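What follows is a short report on a single structure.
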Amino acid sequence: MRETKEQPIWYGKVFSSNWVEARGGVANVVDPSNGDILGITGVANGEDVDAAVNAAKRAQKEWAAIPFSERAAIVRKAAEKLKEREYEFADWNVRECGAIRPKGLWEAGIAYEQMHQAAGLASLPNGTLFPSAVPGRMNLCQRVPVGVVGVIAPWNFPLFLAMRSVAPALALGNAVILKPDLQTAVTGGALIAEIFSDAGMPDGVLHVLPGGADVGESMVANSGINMISFTGSTQVGRLIGEKCGRMLKKVALELGGNNVHIVLPDADLEGAVSCAAWGTFLHQGQVCMAAGRHLVHRDVAQQYAEKLALRAKNLVVGDPNSDQVHLGPLINEKQVVRVHALVESAQRAGAQVLAGGTYQDRYYQATVIMDVKPEMEVFKSEIFGPVAPITVFDSIEEAIELANCSEYGLAASIHTRALATGLDIAKRLNTGMVHINDQPINCEPHVPFGGMGASGSGGRFGGPASIEEFTQSQWISMVEKPANYPF
């Protein structure tokens, strides 16, 4: 961390070409594991958004006009700056986000990979020639930058889920205004500003404005922002989509999930349970792709539940500043109350808690619940906590029906030794991503990522899909001589 003798460069500030005083005041940066104050971040307001938009609009035209190789070089250099500081990024992820250290290092690594992949997008072919029914006419469709992109990023994977929009948007010639969540304003904001600034990003091209919902609302409402890329809850995503629709503003929404982990009777049970534990309890279940519904065939359900409960009981929950824990804290007290209410509601409705179901402060034990029915809230809700609800099915048709009864459609996993059967089931799921003999928390930066239904607006991040998201199509036609029209 670059510091003066007293404090880091970002202390109490926001990044808008340079580090400047925030018009919205300041907020504490808090460690969710113990409540310690780690620092102070600036808090933006609507005036900061307006100033950033004006600067971004001016800078974007020049940024888009420079050779693609120069834009790509800056993004790659920023990636190398991240690599140099990966342990610092990981440390902040632990202290700010409640992550265990391996999660922090993984996130720094995949963000680094994402940045290099995004830099490569700038050099991909940028246009398609189409034939014409008009003699002598040439039709060219090319991709051009959207303009100014507003990125509203979440707290759970603050670095990666910001970077998957920021890096490709910049590489493709856009200016970016990033609003990180206040709960992770350093990992998902200040440090990102530092690495791009150190890499030589021109003034005005990138702005980082930590803030609350009011800042997001100002970004959505500002006509100078041409696109909003939002990752977060479906509830908030619906509001953003509605407002962007009224303004005819491009929007990319990556929203919630209530993902299924389907286990057929022929599955490798140990493998299915191993995948289930990772896919449910990673980062305390605070992952949009986490396995939120375990659909298990009756023939193996009891064995599966017992094996998963045993794994859950062996997971150590505690302060992530120690390397000896598997699960850290939930992000805030509100989330603890919400998770526990879902567990208690399931118990009252007849479900059986085989492991966990208890908490102390923000630390929630890995929990396994048996006999969960589709009408229970724990089945219908995105839990965002370390809870594995198990629902029994008797046939493949029933499993597919149970999987598809949710409004969400983000990710799924299927366990079977018959790959053809797994593929057939995958094709019938209303789900954007399906992983056979794995778990649903999967992401590779070069592969299109996104969901169906209430899990998003239908767009995708990753590889060539990012070009579709962060550019727009322009048709140019040419003829050597003007046509002689009848009037």
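Cβ atoms here come from the backbone N, Cα and C positions, even for glycine.
Under the heading NAD(+) binding site, Swiss-Prot lists G232, S233, T234, Q235, V236, G237, citing similarity to another entry as support. Swiss-Prot lists E254, C288 with the feature active site, giving similarity to another entry as the kind of evidence.
Features as recorded by Swiss-Prot, highlighted on the structure.
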residue : record              : CB count, 10 Å
G232    : NAD(+) binding site : 21
S233    : NAD(+) binding site : 15
T234    : NAD(+) binding site : 22
Q235    : NAD(+) binding site : 10
V236    : NAD(+) binding site : 17
G237    : NAD(+) binding site : 22
E254    : active site         : 26
C288    : active site         : 29
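The DSSP secondary structure for E254 (active site) is strand.
For the recorded site, V236 (NAD(+) binding site), the DSSP three-state label reads helix. Following the DSSP three-state reduction, the secondary structure of C288 (active site) is coil. Listed in chain order, the extra residues whose Cβ falls within 8 Å of the Cβ center of the NAD(+) site residues G232, S233, T234, Q235, V236, G237 are F230, R238, L239, I240, L255, G256. A straight line from the CA of Q235 (NAD(+) binding site) to the CA of C288 (active site) spans 14 Å. Close to C288 (active site), meaning Cα to Cα within 10 A, are the following binding-site residues out of S233, V236, G237: S233.
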